[in-house]
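Q: Before I ask anything, here is the structure I am working with.
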Amino acid sequence: MAPRRRRRAARSSRPLLLALLAAAVNNFAPAGGVEVLAKSRLESCARGGSDDGRDRLTCDSKIVVDLAVPSGSASLVARVAEVEENGTEAGEMPIRDPLIITINKSEVYALYDLTYLRDVAYKPEEKFVKTRKCEPEAGANVVKSCERLRDEKGSIIEHTEPVCCPCGPHRRVPSSCGNILDKVAKGKANTAHCLRFPDDWFHVFDIGRRSLWFSIRVQVKKGSSESEVIVGPENRTVVSEDSSLRVNLVGDFAGYTSLPSLENFYLVTPRKGVGGGQLEVLGDDFSRWMLLERVLFTLDGLECNKIGVGYEAFRSQPNFCSSPLDSCLGDQLSKFWEIDKNRVNNSQPPQYVVLGKFERINQYPNAGVHTFSVGIPEVLNTNLMIELSADDIEYVYQRSSGKIISINISSFEALSQVGSARVKTKNIGRLEASYSLTFDCLSGINPVEEQYFIMKPDEKLIRTFDLRSSTDQASNYTCQAILKASDFSELDRKESQFSTTATVLNNGTQIGSSENHTKGGIWGFFEAIKAWCAKMWHMLINFFTGTTCSTRCWSFLKFVIHGLLLVAVLWLLHRKGLFDPLYYWWDGVVGSEAQERARRRHKRAHSHRHSHHHDAHKRHKTELAGHRRHHVLHIHDDDDPVAAAAAAEHVILRRHGRHEAALGVQHRDGLKLNKHRRHGGKAVALLPPGEIIVRDGGGCGGVEHGDRRHHAWH
């Protein structure tokens, strides 16, 4: 009998083994991949402390089935119809109510944590205005759309002033400088350049840790009763309410293809609407969602040719005026979207746009409005252990009581910050035991994984869970922590409430202009005074440092320097005699004529002045002189002709002296008049050889001397 009983004991597990294998192979061969890894019967015993201080060992028998369940909504139905009871000779006995085990596994998703960083412009634009007298502080009447921007408070946004470039064919914008008259009358031509952002913005999210999400539902049906549990990465071990079923998610088998890792990428999604200051629902327009490497971004806006470039980087680029237009605005979002658009039109897969690159985008059932998940196309096997009975293996685990002491959760900003839940637990039993802790929120918070740990008697331990909001709105949440014993039975449960603040949009250094700022009132007056004081202080500093003059006075200094240089060159050429032929020609053309006209004008003026003052006097003197001369001649005519001639000569000489003094007659030969000497009763006048011409201004008479000749005329 003994050998026979040993033979039956050896065969005791075979009917169950065959039943499970038949169910797996016959019912689900088309599903492909559902494999039964191991089956056994084991004696499961638990040792726990009692009130009387003694350890107690409680055992029960269960069936353990270890399965490899693939992804893709795979199912397994096992029907346990026969069992063999140990120690009996009845053999296999049918079960009145066979056990039917049904396993369903959902699609597998890769879920990525998102952290909001800032907003960036889709396509920054460089605007330029051809103008004159461009200055960074110039108003709209000079630089037009490149005028400095102001925020909603009316304050000037830093680094938004235009950059002024001179004219020329090889400048940033080739332009004509015009002629010299335009420069003098209107000012030197130049161009004003500025950076502006149109109203097309994208959210930028940092992609953090990756986690897998799927769910496995296990149902055990016996007659009219049914037990069901659902396990997943966030809740790996579950016991049914009637304790007849225990399912443990052991882990996943690695596949041949690695899962997409996006830690080095940023996710950009279009922003819906303008303004509001709040993130909106991202929607399902995945054709504009893009994954771009982090090195393509500048979050501080201080680098050119990167997404997120700001005003300061645009103005500070080297060789600004000699660089081509848009030299700082390369590699923007618009460029990458256009690249993928052309690839799709050519029947090629996209490189950056998520649509067409991944499957089942954001179809994760518990996805929030700001979550990112993609489907895993590869078949991923999950190791699942189902406990129904035990026989072949005996093992002992220690079970001890425990409780949750406190839960501390601080408020945090939705999407842009990560919350932290600190759960403090304590082992209140007398044995060292293992525990599991789950943290579950009703909605709005991404699920977190269950944690396993060991505590010694009276030991307190704090476990931390990272909380990430799936919405950008401020909200209140209620979550509960569940402490389980080593046999996965629930020991304690505690609820906690916390709140999140709304996500605040941040454009970084790409600040746009606000047209809604208000001015006026007492605050506007104070702001004006503040701005004036700041301007005066700035001007004072620039006066001592020379900063303003180096920028504003440079054009004037260049004009003065060039003018002085031109004058110096012309003076040197003049000293060398280069312009002498020109001088001679000019004198020949206009010099003699000008001198003649000047002489005639001078003569007319001189004659006119003397004619008014001396005409009457001259006429009187002329008549008187003529009368005297006639009287003298008349007196001496009859008595002595020689004396009459001498008297006439004397009268002429007297007139000659007066005219000489009045008209400034110069004697070329030094005229000398000798005294009258009486010789032979005659008066003789001795004159030196020379020529003296004395003419009366009125033309009435004159004296002319020449080579011992004397002429007198009336």
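Each residue, glycine too, has its Cβ placed from N, Cα and C.
Below, the features straight out of Swiss-Prot:
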type     : residues      : note
SIGNAL   : 1-33          : signal peptide
TOPO_DOM : 34-552        : topological domain 'Extracellular'
DISULFID : Cys45-Cys59   : disulfide bond
DISULFID : Cys134-Cys164 : disulfide bond
DISULFID : Cys146-Cys194 : disulfide bond
DISULFID : Cys165-Cys321 : disulfide bond
DISULFID : Cys167-Cys177 : disulfide bond
DISULFID : Cys304-Cys328 : disulfide bond
DISULFID : Cys441-Cys479 : disulfide bond
TRANSMEM : 553-573       : transmembrane segment
TOPO_DOM : 574-714       : topological domain 'Cytoplasmic'
REGION   : 597-619       : region 'Disordered'
COMPBIAS : 598-619       : compositional bias 'Basic residues'
Q: Between C-alpha atoms, which of these disulfide-bonded residues comes nearest to Cys328 (disulfide bond): Cys134, Cys165, Cys167, Cys479?
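A: When the Cα distances are compared, Cys165 comes out closest.
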Q: Quick one: Cα separation, Cys321 (disulfide bond) versus Cys304 (disulfide bond), in Å?
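A: Spelling it out, the Cα of Cys321 (disulfide bond) and the Cα of Cys304 (disulfide bond) are 15 Å apart.
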Q: Return the count of C-beta atoms lying within 10 angstroms of the C-beta of Cys165 (disulfide bond), excluding that atom itself.
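A: If we count other Cβ atoms within 10 Å of Cys165 (disulfide bond), we arrive at 20.
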Q: Rank the disulfide-bonded residues Cys167, Cys177, Cys441, Cys479 by how many other Cβ atoms lie within 10 Å of each Cβ and give me the one with the fewest.
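A: So among Cys167, Cys177, Cys441, Cys479, the disulfide-bonded residues given, the one with the fewest Cβ atoms within 10 Å is Cys177.
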Q: Of the disulfide-bonded residues Cys134, Cys194, Cys479, which one sits closest to Cys177 (disulfide bond) when you measure Cα to Cα?
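A: It is Cys134, whose Cα lies nearest.
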Q: Looking at the disulfide-bonded residues Cys146, Cys164, Cys194, Cys328, which sits with the largest number of other Cβ atoms within 10 Å of its Cβ?
A: Cys146
Q: Same chain only, sequence gap of 6 or more: which residues have a CB within under 8 Å of the CB of Cys304 (disulfide bond)?
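A: The list for Cys304 (disulfide bond) reads Ala313, Phe314, Gln317, Ser327, Cys328, Leu329, Gly330, given in order along the sequence.
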Q: Would you mind reading off the Cα separation of Cys441 (disulfide bond) from Cys194 (disulfide bond), to the nearest angstrom?
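A: It is 50 Å, counting Cα to Cα.
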Q: Counting other Cβ atoms within 10 Å of each Cβ, which of the disulfide-bonded residues Cys134, Cys321 scores lowest?
A: Cys321
Q: Could you check which of these disulfide-bonded residues, Cys164, Cys165, Cys167, Cys479, sit within 10 Å of Cys194 (disulfide bond), going Cα to Cα?
A: Cys164
Q: If you measure from the C-alpha of Cys134 (disulfide bond), which of the disulfide-bonded residues Cys165, Cys167, Cys479 fall inside 10 Å?
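A: Candidates kept after distance check: Cys165.
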Q: Can you tell me which of the disulfide-bonded residues Cys146, Cys165, Cys167 is spatially closest to Cys479 (disulfide bond)? Compare CA atoms only.
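A: The smallest Cα gap between Cys479 (disulfide bond) and any of the disulfide-bonded residues is with Cys146.
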Q: If I take the Cα of Cys146 (disulfide bond) as reference, which of the disulfide-bonded residues Cys164, Cys165, Cys167 has the closest Cα?
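A: Closest recorded candidate to Cys146 (disulfide bond) by Cα: Cys164.
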Q: Where does Cys146 (disulfide bond) sit in the DSSP three-state scheme?
A: helix
Q: Quick one: mean pLDDT on the topological domain 'Extracellular' (34-552)?
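A: A mean pLDDT of 80 is what the model gives the topological domain 'Extracellular' (34-552).
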